[in-house]
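Visitor: Structure incoming, see below.
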Amino acid sequence: MASCASLLLLLALLATSASTSLAGNFYQDVDITWGDGRAKILNNGQLLTLSLDKYSGSGFQSKDQYVYGKFDMQLKLVPGNSAGTVTTFYLSSQGAAHDEIDLEFLGNLSGDPYVLHTNVYSQGKGNREQQFYLWFDPTKDFHTYSILWNPRHIVIYVDGTSIREFRNRESVGVPYPKSQATRVYSSLWDAEDWATRGGLVKTDWSQAPFTAAFGNYNANGCVWPSGASSCSSGTSNSWMWEEFDATSLKKLRWVQKNYMIYNYCTDVKRFPQGLPPECFAS
Ligand SMILES: *[C@@H]1O[C@H](CO)[C@@H](O)[C@H](O)[C@H]1NC(C)=O
């Protein structure tokens, strides 16, 4: 009887804490989904490495599914000649009308900069690319990449600096991700046909296996379907109502001015009928 009661208490505690999970243990938080041994969890769950060779890449996904959350991952990217390799960290739901928030790190020749390629899909529609250089060498150390997704906006952060905002513009008819459960995914794969200046530079397989490392995964989100109600109110989810203050806006402008190399919102040639409505300030 006593153990039954304490089990119920434990379950109740687990249920109330469904919206917050403490900094990560990869054994508990993710499933390795492909790569046939090329993905490895190390250091008691504190470190995960993905590798890529001529035959396969590798990847993992979160065990939990979310609608809204703040997701942090530390990454140390493939060093040296990484041209053709793509390391990803993204959120995605399933199906043709899926929602997706993408960070894709496009490798490069030794000494040439990585490109951080970002995109946002809502209800199956993407074409919202923005690309950035980073202000540091992402292969030397771990850096923190974050996705904030709440009812007001989606923000991508690099080491706490906002680099991209996608605001909820349902008011002007732009679908916003809000009702499809997403998982967190990461992968390392080869995309030499498009990632390297349109296929001009090929992957140098003599450097294989290529390895990227992941750490400090932290998902602080609304777990779906079970935890959905725990996220509709409450003060513990400070990310839920986070909006930009003057400092975040200043940082965003600094990055966009100095490090953004492509922005679909300024690509007028690509949208002869007019830029998408979310590109205009409200
Ligand atoms: C690689 O480096 C070149 C030269 O600096 C740069 O133009 C390009 O954007 C970089 N990224 C990729 C993915 O080719």
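Think of each number as a place in line: the chain as shown, counted from 1.
Note: Cβ is positioned from N, Cα and C throughout, glycine not excepted.
In case it helps, TrEMBL gives these features for our protein:
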| type | residues | note |
| --- | --- | --- |
| ACT_SITE | Glu100 | active site, nucleophile |
| ACT_SITE | Glu104 | active site, proton donor |
| DOMAIN | 20-214 | domain 'GH16' |
| CARBOHYD | Asn108 | N-linked glycosylation site |
| SIGNAL | 1-23 | signal peptide |
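What's the neighbourhood like for these features in this structure?
Guide: Just so you know, the Cβ of Glu100 (active site, nucleophile) picks up 18 other Cβ atoms within 10 Å once every protein chain is counted.
Cβ-based neighbour count (10 Å, all protein chains) for Glu104 (active site, proton donor) stands at 20. Annotation note: Glu104 (active site, proton donor) sits in a strand segment as assigned by DSSP.
The predicted model assigns the domain 'GH16' (20-214) a mean pLDDT of 94.
For Asn108 (N-linked glycosylation site), the same-chain residues 6+ apart in sequence whose C-beta sits under 8 angstroms from its C-beta are Ser82, Ala83, Tyr114, Val115, Thr196, Val201.
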Visitor: Tell me which recorded positions (Glu100, Glu104, Asn108) have a Cβ under 6 A from ligand 1; sequence order is fine.
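Guide: Going through Glu100, Glu104, Asn108 in sequence order, those close to ligand 1 turn out to be Asn108.
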